[in-house]
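Some notes on the structure that comes next.
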Amino acid sequence: MAGTKFAYVKSFELPDVLLPGTYILVRLDGHGFHRLSQDHNFSKPNDERALRLMDHAARDVLNEFKDIVIAFGESDEYRLVFTHFLFRKSTQVYNRRHAKIVTTVTSLFTSSYVFNWSKYMTDTPLQYPPSFDGRAVLYPSPQEVRDYFSWRQADTHINNLYNTTFWALVQQDGQTPTEAHAALRGTVAKTKQELLFSRYGTNYNSLPERYRKGSVLTAEHTEATRPDIAENSGDASTVTPATRAEEGSGVVASRSKSKKSKVRTEVVLYHCDIIDPSFWGARPRLLQ
């Protein structure tokens, strides 16, 4: 349209370049997921299939955007699904245009979620398309980034403990949702854990870490010394990664100058403590 008399309309577009030298955090929220979870009979308090589907969609986003260094996924009783993607500070993706970054990440996650639905929700046909909204927040330093992810993981624990106790009261004691909410009103974490153990024999700390700590995906470098080395191998340091055969390999290989070794960037899934500084200390590259 350049060079025509109609080109003036482009002047109405506003610049939306994000502040340089800052970390870009893109957060996605499920829209109307309370209804979607009910209509598709999600298991309560956690649906393993739906969580794995969320992880798969997040992995596809990391595979597409090489400047995303870490993602965190959580669920709030499946009223909402939260996934948080952190772009490295130096990223110039889409010239740091706010709308372009947010809309592309959101649409890719959404399309992957829909595309892979049947792989995980095998007995539950998708009745209507789910949707997600996205926003971008800028953080100036590694400290704010770490505090942000600590905040999200702490929230994951709080919500999961409440929901686990709530659904035990409803499903095992036959209480109504109103009665269960009333029984838990004003209780602290210790009280809920004691109730779970004394009444239902459930040790909260023995529940799967996926539920208690959420999902953490990072792009990590691995080095293979043989051409035929398995693509889903990787060093997870002190944390045990989830089985990548179940989650998808998510591997992007790049050649090094040495013929005897290959450096690969692999998306690795963890369910681990990211509040502890040791997680970040073992991966300084994430916040460089």
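Just so you know, glycine gets a Cβ as well, placed from its N, Cα and C.
Curation does not apply to TrEMBL; its annotations are automatic.
For D29, G30, H31, G32, F33, H34, S75, D76, the entry in TrEMBL reads GTP binding site. Under 8 Å, Cβ to Cβ, and six or more positions away along its own chain, H31 (GTP binding site) finds P130, S131, F132, D133. Taken residue by residue with DSSP, H31 (GTP binding site) is part of a strand.
What TrEMBL records for D29, G30, D76 is Mg(2+) 1 binding site. There are 23 other Cβ atoms within 10 Å of the Cβ belonging to G30 (GTP binding site).
Sequence annotations record features per position, and here TrEMBL assigns Mg(2+) 2 binding site to D29, D76. There are 16 other CB atoms within 10 A of the CB of D29 (GTP binding site), with all protein chains counted.
Across the residues of the domain 'tRNAHis guanylyltransferase catalytic' (7-140), the predicted structure has a mean pLDDT of 93. Annotation source TrEMBL lists domain 'tRNAHis guanylyltransferase catalytic' at 7-140.
What TrEMBL records for 143-276 is domain 'Thg1 C-terminal'.
Annotation comment: TrEMBL describes 223-257 as region 'Disordered'.
Secondary structure counts, DSSP: the domain 'tRNAHis guanylyltransferase catalytic' (7-140) has 56 helix, 37 strand, 41 coil. Summarising the environment of F33 (GTP binding site), the number of other Cβ atoms within 10 Å of its Cβ, over all protein chains shown, is 22.
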